[in-house]
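Going by TrEMBL, these are the annotated features:
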DOMAIN    6-291  domain 'UvrD-like helicase ATP-binding'
BINDING   Ala27, Gly28, Ala29, Gly30, Ser31, Gly32, Lys33, Thr34  ATP binding site
DOMAIN    292-574  domain 'UvrD-like helicase C-terminal'
Amino acid sequence: MEEFLQDLNESQQQAVLYNEGPSLVIAGAGSGKTRVLTYKIAFLLESGYAPYNILALTFTNKAAREMKERIASIVGGPTAARLWMGTFHSIFSRILRVNADRLGFTSDFTIYDTSDSRSLLKSIIKEKDLDDKIYKPASVQAIISNAKNALITPQAYQVNKDLVESDERAKRPLIKDIYQTYWNRCQKAGVMDFDDLLLYTNILFRDHPDVLERYRQIFRFILVDEYQDTNFAQHLIIHQLSKGHNHICVVGDDAQSIYSFRGANISNILNLKSDYPGCKTFKLERNYRSTQNIVRAANSLIDKNKEQIRKQVYSENAVGNKIDVLSAYSDFEEGYMVANRVSEMKRLSKYAYNDFVILYRTNAQSRIFEEALRKKNIPYRIYGGLSFYQRKEIKDVIAYFRLAINPHDEEAIKRVINYPARGIGDTTLGKIIECGIHNDVSLWQVIATPLEYTLPVNNGTLNKIQKFKELIEEFIDANNKMNAMDIAELIIRRSGIFTEIYANRSPENLSRQENLQELMNGIQEFCSLRQEEGVEEIALTDFLAEISLATDQDEKEDDDSDKVTMMTIHASKGLEFKNVFVVGLEEDLFPAALSKNSERELEEERRLLYVAITRAEENCALSYAATRYRNGQPTAMPPSRFLKDIDPTYLNMPSELKSKQNVEDSIYSFSSRSLGMYSSSRSSFFKREEPVLPSKKQDLPLKSYSPRLKRLDAVNTSSVSGGSVSITGLDVGARIRHDRFGSGIVTEISGEGDNRKIGVEFEQVGKKQLLLKFAKFTIIK
Ligand SMILES: Nc1ncnc2c1ncn2[C@@H]1O[C@H](COP(=O)(O)OP(=O)(O)OP(=O)(O)O)[C@@H](O)[C@H]1O
Ligand SMILES: [Mg+2]
């Protein structure tokens, strides 16, 4: 047996070694499922599979990168680099680009994020003169998204009796028309939304058997992590691709299925056996992550769910501390309690800030913790929320980027046709849209040839439209000739955004300037990484493809400085931290108010808490507040029913819950007393401040959003760039430290001038060629 398999226990080894047919590893949290998948890939490579014949799908890009690094340390970097490894969306968008013509798209299609899709739906609802209180854009979006994930196209939707009748009962009979219009508009604009990436992949494979056959030949072995959160569209893609060879291994935990609102279907894993006859199941029972108390507490919680595959999970780690239940009078106090604990634990133990995570049910809860941590000077980072690429000034610039690549992109046109202001108002835009619909062409076609489509505007307006058209054409032209960095700068300057944002130094503009700078840093970093690997010309398209598919967890991945992490529980899937705070354990928040009507949804909320608790290695605390500001009002919040689902043997309950014997009693007493207590009996230490409205983005400390900026600064001061300085001590045999690849030994130096390269054998990622002109590293003596 390969030596590296010694890192696994016996049941894990069996799962890795089994190779005679489809297999499923189903096991509780922290039992090494991801580890099994990682080692299985390494094992397949060692047994002769070529890396480009292995497809491995993960839930986030970050997870893919981490897995790749681990595999690289076993089989070497270059081999690991050639694996097909990534999220469903990133892998299948690559495949769609290559085969776009089969679907009536070009390979330059752009991608609508959730807010672009919502904005298009809003326009459509308005154009159709529908009431947006009945046809709520968010609900319509969810219905269309569900339909797409169930592989129901608009044509199929029209004739699907169940769906049509259900819409009629809900007095929204025109959803089917909205869906059809939305579909046509995306096609005209040459864009795909996130759900389309999966839907079109399915259509591609269904309608083009030769393409399916080609990818079946390529993907000789398929592995999927977190299978419990796949939806029907993903499940089917995998099923199609693995048919024939049946070389497939999926891992998952039904108790951690938490994405049903995105169409994830727990039955995909429960019914795997019927889809893959002969599928062999492996169970892993030993948890390596957490203390015994944490594992037992989590087991006792999930035990209350009816729908589940029963599992034994045990830990042989230390018994550990009980889970602390922290009771606060208010959300504000909850923030302080957690912040105080963090500093105390850090002071008393060996912990770094990185060892702490605060997990919440909804993004909005982060503000109160930010405030408390900031006051105590505790550094933190937030994942998710208003992501960097969702900020206005960034979306504006990216809209121009998108137009340089695909001028038909409707949402991008709408966003910037009059930004910065160029006298093309809403009325004119309305006419352009109408004209496009009337002639069945894209907005860009109308803009490019307004006379051909008899756009009803005066000559002054025609002139302005002409100027906008010339601007975009200039960008398209430049995009064909320039690299990503230069075209980005050209766009920012020529579009007028630069003048707009650098017009003055108002605090708002300063923050926008920093964001623009940060965007440029991001592009620069993206380019230098590729250049170091020898890719000379990096196109804007490559950068855009990369950022269009970022997930909540991916955003700040480069920031490895010492900070407390905050994120939603959804984003924490698969991760682990020494100390975990799960906050806001209150009725109507966790479980969420809407989930309380159905047992099924309540079970999903319970699984969510199971996921949260099982992120903890050493300590876990659960907190709740008796009152919370909601919709600008202090609102009484009874403690969550889930607190009583956990076996009290593993909990340190606050005395008020203990004395009442059970939480249920206290649910009632809490609601009646809490408001009075809120104002009268608070200690002065937790002085209440004015209720604060959700913080504006510029209130947030910029640093927590600027890991790239920081990183680049760090690189500039501590390392050398081979192109501009003559480097003494850089010889074959020299030891260097590279910012990203870690340390390694120079094995060769070749080339002249701009083409001068070094070959480096890195400890972690194996051999790499670096172009000296771009490479950034330090020579270690
Ligand atoms: N055989 C083993 N020996 C030592 N450590 C192990 C072993 N198996 C797993 N671990 C460690 O236990 C932790 C949990 O493993 P892993 O993340 O693979 O679990 P998982 O089942 O994927 O968890 P989750 O359900 O949360 O995704 C990791 O830190 C991993 O390195
Ligand atoms: Mg895992």
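Cβ coordinates are placed from backbone N, Cα and C, and glycine is handled just like the others.
Secondary structure from DSSP puts Ala27 (ATP binding site) in a beta strand. For the binding-site residues shown (Ala27, Ala29), fewest C-beta neighbours within 10 angstroms: Ala29. Ligand 1 lies under 6 Å from the Cβ of the following binding-site residues, listed in sequence order from Gly28, Gly32, Thr34: Gly32, Thr34. If you draw a 10 Å sphere around the CB of Gly32 (ATP binding site), it holds 23 other CB atoms from the protein chains shown.
Excluding the listed site residues Ala27, Gly28, Ala29, Gly30, Ser31, Gly32, Lys33, Thr34, the same chain places Asp253, Leu284, Asn287, Arg289 with Cβ atoms within 8 Å of the centre of the ATP site Cβ atoms. For ligand 2, the neighbouring binding-site residues among Gly28, Ala29, Lys33, Thr34 are Lys33, Thr34, by Cβ distance under 6 Å. Sparsest Cβ environment among the binding-site residues Gly28, Gly30, Ser31, Lys33, Thr34 (other Cβ atoms counted within 10 Å): Thr34.
Gly32 (ATP binding site) falls within neither a helix nor a strand when secondary structure is assigned with DSSP, and so counts as coil. Confidence annotation: the domain 'UvrD-like helicase ATP-binding' (6-291) carries a mean pLDDT of 93 in the model.
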